[in-house]
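**Student:** Below: one structure in structure tokens.
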């Protein structure tokens, strides 16, 4: 039987069997001698002590590093296509291929920079990185991890670049051409009624109809603009041109007119961004905005990093450039108050402050401001009443108040009638108790200049003049359009009077 050998060591003049009983500090020094590959920083990591903000390279991975945050050592990863530069203690773009990704370690569909081609990238397929190409005129962005339009032509090969101001035919548009701007061909349009003459390399008047659009519109025709609810398309000289409604209005596709946007139906959409574009997040220095499906979406940098707008990359925040901040609002920004149609919130000193519109006004979301409440879209709650209950309208002898859904609403008797307060009914006004042309003597009861349809006459209306509702009539051959609140020519014979029949 073989005897086991015990380690015998000399310690303070004594020979002891087994491991010597020495202090933890001496054990640490012994480990440093026996395990030269383990750095002092690794020993410090094991003890859980580190200098706040300090960083150190990962000896096992050139694309990652260790960082001390809140007295804890965290393992951080450099952005795709970057490596940790030990001298400067930052992640830098690996354009020299210093830190090549291991093909065997990639995840399916993982993307990485192609060090040999800035207009391409590497995609993990079956555990191996395979070269892929961006579309013509594009380059691979390391942070957004997709192909972007190379607006600065930083990646295009010299032979693929055009000479500035160079013009050439646009095969997709005979009324346009391609112009070289900063080494890239950009689409341009000739003036209306012109085409691009290839022989002379310039736009010329299309007197012979060489370039005629296949689809022609009817002169003056109006169409809904799918890209702008506050505008429309109008046919001018056979072509649809963009037009804008007045401020605070939107285009009604059914009536084909611009209508005041009292309900905020048309809120101006944010400008579309280019897919994959990156921008600074004004509310978060440790993140950025990325364009996804035409909208800017907030993204977060790795812990302990900040977004550098110049190179559009997340960098290690070793100098404390980005400190934790509370989300702020944009100065002057106005948003509707969901609890009060006559109120709003405005950003003052980067904080939302509750404000109120003037009496008789309401907050319009589209106009981002207070507007006069001509259509009474924002009426304060009144005392509840019994459904169907009638009562005298003290401000209108030719009408009454009826309870609808718990509120008293003003109604009018028929033309030539007045409301009897005792019997609560409308009767013929043979005795002229209520002036025939004046249905309202109330001061301030109606809104000056407001027009409403006359239920007894499609060719007439009731207008508020000096605080009174007075019957008015449209010109012969016209009728009162309720949406426009004005008289329009009756081309469709919508309103035919007895005299015309």
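Quick reminder: no glycine exception, Cβ is built from N, Cα and C everywhere.
Pulled from TrEMBL, these are the listed features:
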DOMAIN    47-101  domain 'Chitin-binding type-2'
DOMAIN    103-157  domain 'Chitin-binding type-2'
DOMAIN    159-213  domain 'Chitin-binding type-2'
DOMAIN    214-268  domain 'Chitin-binding type-2'
DOMAIN    270-324  domain 'Chitin-binding type-2'
DOMAIN    326-380  domain 'Chitin-binding type-2'
DOMAIN    382-436  domain 'Chitin-binding type-2'
DOMAIN    443-497  domain 'Chitin-binding type-2'
SIGNAL    1-41  signal peptide
**Student:** Sequence gap of 6 or more, Cβ distance under 8 Å, 3 or more pairs: do the domain 'Chitin-binding type-2' (443-497) and the domain 'Chitin-binding type-2' (214-268) meet that?
**Tutor:** yes
**Student:** Just give the helix, strand and coil counts over the domain 'Chitin-binding type-2' (382-436), going by DSSP.
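**Tutor:** The breakdown for the domain 'Chitin-binding type-2' (382-436) reads 0 helix, 23 strand, 32 coil.
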**Student:** For the domain 'Chitin-binding type-2' (47-101), name the stretch out of 159-213, 214-268, 270-324, 326-380, 382-436 with the most CB-CB pairs under 8 Å.
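**Tutor:** Looking only at 159-213, 214-268, 270-324, 326-380, 382-436, the most contacts with the domain 'Chitin-binding type-2' (47-101) come from 270-324.
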**Student:** Would you list the DSSP helix, strand and coil counts for the residues of the domain 'Chitin-binding type-2' (270-324)?
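**Tutor:** Summed by class, the stretch gives 0 helix, 23 strand, 32 coil.
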**Student:** Mind looking up the mean pLDDT for the domain 'Chitin-binding type-2' (382-436) in the predicted model?
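**Tutor:** Averaged over the domain 'Chitin-binding type-2' (382-436), per-residue pLDDT gives 79.
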